[in-house]
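**Student:** Structure below; questions to follow.
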């Protein structure tokens with residue numbers, strides 16, 4: 001079986017196929033989990049961080065389509081249902097089949113020996129792969145294999161006929177029916193001596209060996225209190241146990257200790273299954289054809305409960321006592337109270353209870369229906385004391401017979417730890433009425449001998465607190481431009497430089513900046529919230545000597561500010577018809593479109609400058625943070641080192657280990673952050689949330705799509721002719737300038753009869769292109785038609801009086817003809833409302849006219 005999510009600690013992501021990863025994602029989504037929650041759950045269950053990273057990477061690759069058609073070699077790995085996913089009926093079926101006694105009733109499960117014949121994992125079929133028993137009685141249907149060896153070599157295959165005889169060539173019939181193997185061998189040897197002279201005499205050189213081949217079948221009648229009584233065809237080797245198993249064993253009312261075997265209408269043997277279950281003695285009675293096995297009804301059954309090895313219902317024979325019952329039940333368990341057993345017994349008209357002491361076990365004889373209950377020892381200790389807290393070996397200790405004091409108990413616990421609070425310990429004592437009493441103890445005085453020792457009693461608990469248990473835990477915190485932000489344990493005499501070293505050192509962005517320390521104000525009534533201390537960092541990322549030794553105090557919060565002159569490179573892109581397309585870094589904050597085109601070598605002879613567009617990120621763009629970019633770069637370095645064809649040197653190996661450790665730590669931190677976000681989702685982009693609410697509100701009539709990038713129409717010809725003008729926009733990070741080849745087509749979309757793309761026709765207007773697409777459709781809203789130009793600009797149809805002025809068409813333009821809004825016909829209620837309104841209006845007018853007369 002392959003790997004499963006239940007074995008999450010040993011799961012290897014590389015051994016999973018893409019189809020199985022997709023199946024895992026679907027199961028998670030069906031359970032209400034997103035991909036981040038899936039990987040977070042995997043990490044919580046013990047999946048190594050390196051495997052969590054691989055799983056996240058595989059999921060991202062599948063989402064982006066990079067792994068389409070690619071499968072791992074171990075495509076046969078199977079994923080079983082994980083905890084937390086929906087379970088189907090097959091799981092309950094597997095639970096059923098995992099319990100071999102699933103179909104038994106509670107009473108049947110309690111009957112001693114009942115499970116033996118109802119365990120699907122056990123069989124009592126007779127073994128046929130055994131040496132031929134010399135006492136086996138041969139009957140009709142048995143196959144005898146006769147081998148002659150020595151001076152002569154021959155083999156005979158003979159089957160015993162209905163008359164009990166076998167036929168051997170050149171010898172004739174030999175009667176073997178009813179004889180044992182040993183007797184039949186002697187008869188056959190005597191007959192074979194006629195043709196093998198070397199087989200007789202005092203010094204024979206020819207020998208004979210006889211063994212059974214296929215054995216005959218016998219018919220056995222199974223009657224009485226059985227689960228499946230009837231006639232059974234069994235091998236002639238079958239014993240009573242084989243027959244009982246075939247018949248399902250005794251039923252709920254059947255005896256396990258009085259199983260009778262009748263042969264030729266006479267009682268042959270009586271079998272006790274308990275001898276086999278408790279002593280391992282199996283019945284040696286071999287069944288014969290037409291034998292009858294009778295299972296008698298049970299006569300005496302008792303129950304024993306409590307701390308014994310085998311609780312349940314047991315069958316008792318006449319003359320057996322409680323010691324025999326305990327032997328059947330496996331004896332007392334370690335928690336049993338062995339001095340007394342309680343029995344519930346039915347009398348003529350009611351129930352009675354008897355207490356049986358251990359000295360009467362041998363003389364007490366159970367009766368049918370008795371219920372024996374074994375009690376447990378008391379859950380208490382007669383000599384236990386406990387010590388906890390600031391000692392080297394806390395735990396339980398015994399009080400010796402001569403007694404023990406507090407000083408001796410501390411000594412047994414290897415003495416006090418260095419952080420022990422010596423002024424006071426607490427001794428908890430259980431009083432006679434089981435109430436708790438707490439007593440203060442001068443632990444230092446008792447240890448030094450200046451205070452009187454206290455004698456301990458059973459169940460005393462001595463608690464010695466640590467000094468740190470009595471005060472708040474100290475920590476300090478660091479944020480800002482260091483490699484590892486967060487809280488750290490406070491140490492006495494810890495300096496700012498020590499904390500920065502614990503935080504992994506400064507980032508490059510901390511250069512020429514300063515450190516700010518926020519310190520708690522403990523005793524101030526003026527309203528001051530925090531004391532602020534500033535320290536300087538030089539250009540080499542070093543704290544000034546006089547500031548580096550500045551001592552921190554508990555709960556200080558250290559902020560490492562970013563240098564105001566630090567700027568990470570900002571990437572922009574030019575694509576299309578320029579001489580040097582590709583990525584560029586902004587050289588200054590005021591770089592414009594014309595500057596970038598110039599750096600790209602200018603536009604070439606194939607460029608269509610009127611179609612140039614600027615693609616700009618919106619405020620809703622979810623780009624990579626500085627830490628994510630750094631992580632991506634480190635990941636690329638790690639992959640390159642791991643995939644090197646030649647063996648990396650020692651320095652590169654150390655670098656690889658350091659990078660891997662850092663990336664694993666970042667992955668773990670991200671999973672923790674994601675878990676916090678999942679537990680408490682709070683959006684800080686209120687503007688985006690408001691727009692989303694408007695877009696999803698059906699009554700607003702507003703359809704808003706939050707885009708991460710948008711097209712900005714630009715006039716590149718004008719920009720290149722007038723650099724620095726208002727049309728020459730200042731570039732921002734992530735901007736993409738796209739300059740297409742010369743366009744020669746015009747596209748028609750919307751409510752036209754045949755939406756198509758037509759060749760650009762110089763000098764032809766809007767209507768000529770509409771004609772090319774078959775004209776307007778009946779649903780066309782002609783007055784609202786508009787044109788989207790190749791650079792992203794849009795112009796609409798204008799109207800003056802009753803004349804429409806359509807936009808001019810240029811190469812690469814797209815004509816859009818919108819659809820008329822749907823008009824909902826008035827229903828009966830609307831017509832009734834209109835009629836009512838008109839009638840009311842007529843009545844008002846009539847009253848006004850009457851008043852003016």
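Don't overthink the numbers, they just go from 1 along the chain as shown.
Cβ atoms here come from the backbone N, Cα and C positions, even for glycine.
According to TrEMBL, the protein has these features:
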{"type": "COILED", "residues": "627-676", "note": "coiled coil"}
{"type": "DOMAIN", "residues": "131-196", "note": "domain 'Polysaccharide export protein N-terminal'"}
{"type": "DOMAIN", "residues": "220-264", "note": "domain 'Soluble ligand binding'"}
{"type": "DOMAIN", "residues": "302-349", "note": "domain 'Soluble ligand binding'"}
{"type": "DOMAIN", "residues": "384-462", "note": "domain 'SLBB'"}
{"type": "DOMAIN", "residues": "476-526", "note": "domain 'Soluble ligand binding'"}
**Student:** Run through the domain 'Soluble ligand binding' (302-349) and tell me, per DSSP, how many residues are helix, strand and coil.
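**Tutor:** The composition, in the requested order, is 7 helix, 21 strand, 20 coil.
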**Student:** What residues in the same chain, six or more past the boundaries of the domain 'Soluble ligand binding' (220-264), come closer than 8 Å to it by Cβ-Cβ distance?
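**Tutor:** Residues 105, 107-108, 111-114, 116-118, 123-128, 136, 139, 142, 270-274, 276, 282-299, 315, 317.
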**Student:** Where does the mean pLDDT land for the domain 'Soluble ligand binding' (476-526)?
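**Tutor:** Across the residues of the domain 'Soluble ligand binding' (476-526) the model's pLDDT averages 83 on the 0 to 100 scale.
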**Student:** Give the residue counts of the domain 'Soluble ligand binding' (476-526) per reduced DSSP state, in the order helix, strand, coil.
**Tutor:** 10 helix, 19 strand, 22 coil
